[in-house]
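K.L.:
Annotations per TrEMBL:
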- B:36, B:77, B:215: Mg(2+) 3 binding site (BINDING)
- B:36, B:47, B:77: Mg(2+) 4 binding site (BINDING)
- B:48, B:49, B:125: Mg(2+) 1 binding site (BINDING)
- B:124, B:125, B:149, B:217: ATP binding site (BINDING)
- B:34-141: domain 'PurM-like N-terminal' (DOMAIN)
- B:153-246: domain 'PurM-like C-terminal' (DOMAIN)
């Protein structure tokens, strides 16, 4: 999420870099900052993600959805690293006017996610906070060698699972923005109940070489940039190949609807990954779309013949 | 922390019980809710603790201290379970007016704690939040078998390390309350920079049978109650044996100064533990005080000959 309105000279990613430089001293083995999840000895994967009132959700929203999503976004980090999520700790920051009914709703949604993703709730912390927040931390086990962001090599093909942009459409519908769609509840559900890509990831790792992966959480362009930066490579993306919401057309340039949602919407929790191999167009009933190539250095975005400089298109999208 | 001003019919511990009943379904082995830390296969210990602005700290305080304490309170949970802390993830919720300088201060304090406790920062999350919060999660390794709250048996002797009450005195000094003490900075330092009891815990586990343990975070009476409840036992505590701040006297009953701080102050991060053995009065240069016995059922508090019903004395202490 962008730090909209923050007076920080660093911003979120600047702080992450600063923390990495100043405090990220390696101790006790393992691989730390710079991936979706930390890697601990023994193939354990470990991640944390927080949802904050007024930034990631509103307390007027159905809390079952917020509870489900709070686990799903953490699960997605483990899956993107090539692992199975196993355990979670929940820290709830509750305000005095949040109310038992809302918290019950949150817990019911979380419970559904625990069952769907086969994850065990192992404990946590309950604290008072004027701003309601939920901070979850998930541990999983890598199927084999963890997949890092840093493994992409020039010539690798870039792929993405599923469909991009629907979650951000659902978010703007929730926020009452002017998004005229025939099935609004479909997009809202996609926002609250993101699917796990664990089955497709498991099959990919069993059969193919996956050189790098990331989950699509900040928005496609921001996330593919993370792979490029950590791998020290560039990319060429054929933007018009990106899999957008089914049935939505229009938009003659990448800065028009619905492409803005597809490129920068975020919170899709699809997997963006690279492989030197040509892969089938679906696995475990999930579409897999090839969208471009890893290059030695330059970043380029291709749009129906035109070339965009990658750094000129906006990253992320400020919904709130 | 108490949920002061909360309209919840459950309160913190009520919610923990509800979550345990409804959502705490065991999956994938391991021991979950009901201890300082969760136990995962392979002897891994896992805990989380959050500090929230206006509840656990004020943003006007020196942030180095808050940063140090944010790790120390998590480390203490691992130590109380009989383990060595190894890794941490940090989630920071930052408001727009918190300012870079304060966050830098927090990180410098955290960095000092990382060095002192030999813990590796492995990643985390940075989010916007109107209320500033820091949610940390720590993983460690048990030295041998993890020490649970549930292992206390009738006849075991109850011990406590170090000194109780100084941290809460420091907190009230920080809050400008009328606590007249000759060395206020000593108590404030004790609040911000709690020592780790890892060395004494390691020696205890090498040489003696430790049947149950908990870290003193909520306040002595609240914490010994957790051992009693999880072990299905009672206790007899000789209150006047509890080790209070050195040089502070006065207080003819347990409801007078300084006993209120010793019994209910909280955030001491000393270890309360039980053993069938008679132990030396210090280990690794840390005092160890025997303060009572585990009994089959009844809880009693003894005070210089008088008997108090345990449930009639207040638990915890609302500082804010």
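Every residue gets a Cβ built from N, Cα and C, even glycine.
Remember, TrEMBL labels are computer predictions, not curated facts.
Note that the coordinates shown come from a computational prediction; the quantities given were computed from them, not determined experimentally.
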K.L.:
Round to the nearest Å and give the CA-to-CA distance linking residue B:217 (ATP binding site) with residue B:125 (Mg(2+) 1 binding site).
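P.N.:
About 25 Å separates the two Cα atoms.
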K.L.:
What subset of the binding-site residues B:77, B:125, B:149 has a Cβ positioned less than 8 Å from a Cβ of chain A?
P.N.:
B:125
K.L.:
Write down the Cα-Cα distance for residue B:77 (Mg(2+) 3 binding site) and residue B:49 (Mg(2+) 1 binding site), rounded and given in Å.
P.N.:
9
K.L.:
Just the number: how many Å between the Cα atoms of residue B:36 (Mg(2+) 3 binding site) and residue B:47 (Mg(2+) 4 binding site)?
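P.N.:
Rounded to a whole number, the Cα-Cα distance is 7 Å.
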K.L.:
Taking the centroid of the Cβ atoms of B:36, B:77, B:215 (Mg(2+) 3 site), which other same-chain residues have Cβ within 8 Å of it?
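P.N.:
Near the Mg(2+) 3 site, beyond B:36, B:77, B:215, sit B:35, B:37, B:47, B:76, B:78, B:79, B:80, B:81, B:214, B:217.
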K.L.:
Only counting partners 6 or more residues apart, tell me which same-chain residues put their Cβ under 8 Å from the Cβ of residue B:48 (Mg(2+) 1 binding site).
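P.N.:
The answer is B:74, B:135, B:136, B:137, B:138.
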K.L.:
If you run through the domain 'PurM-like N-terminal' (B:34-141) with DSSP, how many residues end up as helix, strand and coil?
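P.N.:
Helix/strand/coil tally for the domain 'PurM-like N-terminal' (B:34-141): 36 helix, 44 strand, 28 coil.
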K.L.:
Spatially, and counting Cα to Cα, which of the binding-site residues is closest to residue B:47 (Mg(2+) 4 binding site)? Options: B:77, B:125, B:149, B:215.
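P.N.:
That would be B:77, nearest by Cα distance.
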K.L.:
To the nearest whole angstrom, what is the C-alpha distance linking residue B:215 (Mg(2+) 3 binding site) and residue B:149 (ATP binding site)?
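P.N.:
Distance between the two Cα atoms comes out at 10 Å.
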K.L.:
According to DSSP, does residue B:149 (ATP binding site) sit in a helix, a strand, or coil?
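P.N.:
It is helical.
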K.L.:
Write down the Cα-Cα distance for residue B:77 (Mg(2+) 3 binding site) and residue B:124 (ATP binding site), rounded and given in Å.
P.N.:
19
K.L.:
What does DSSP assign residue B:215 (Mg(2+) 3 binding site), in three states?
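P.N.:
SS state of residue B:215 (Mg(2+) 3 binding site) = strand.
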K.L.:
Given that the record lists B:124, B:125, B:149, B:217 as binding ATP, what is the largest C-alpha to C-alpha distance among them, in Å?
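P.N.:
Roughly 31 Å, rounded to the nearest whole number.
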K.L.:
I need the most crowded of these binding-site residues: B:77, B:125. Count other C-beta atoms within 10 angstroms of each C-beta and give me the top one.
P.N.:
B:77
K.L.:
Drop a 10 Å sphere on every Cβ of the binding-site residues B:36, B:49, B:215 and tell me which sphere holds the fewest other Cβ atoms.
P.N.:
B:49
K.L.:
Long-range neighbours only, meaning 6 or more apart in sequence with Cβ under 8 Å: which ones does residue B:149 (ATP binding site) have?
P.N.:
B:34, B:35, B:36, B:212, B:213, B:214, B:226, B:227, B:230, B:231
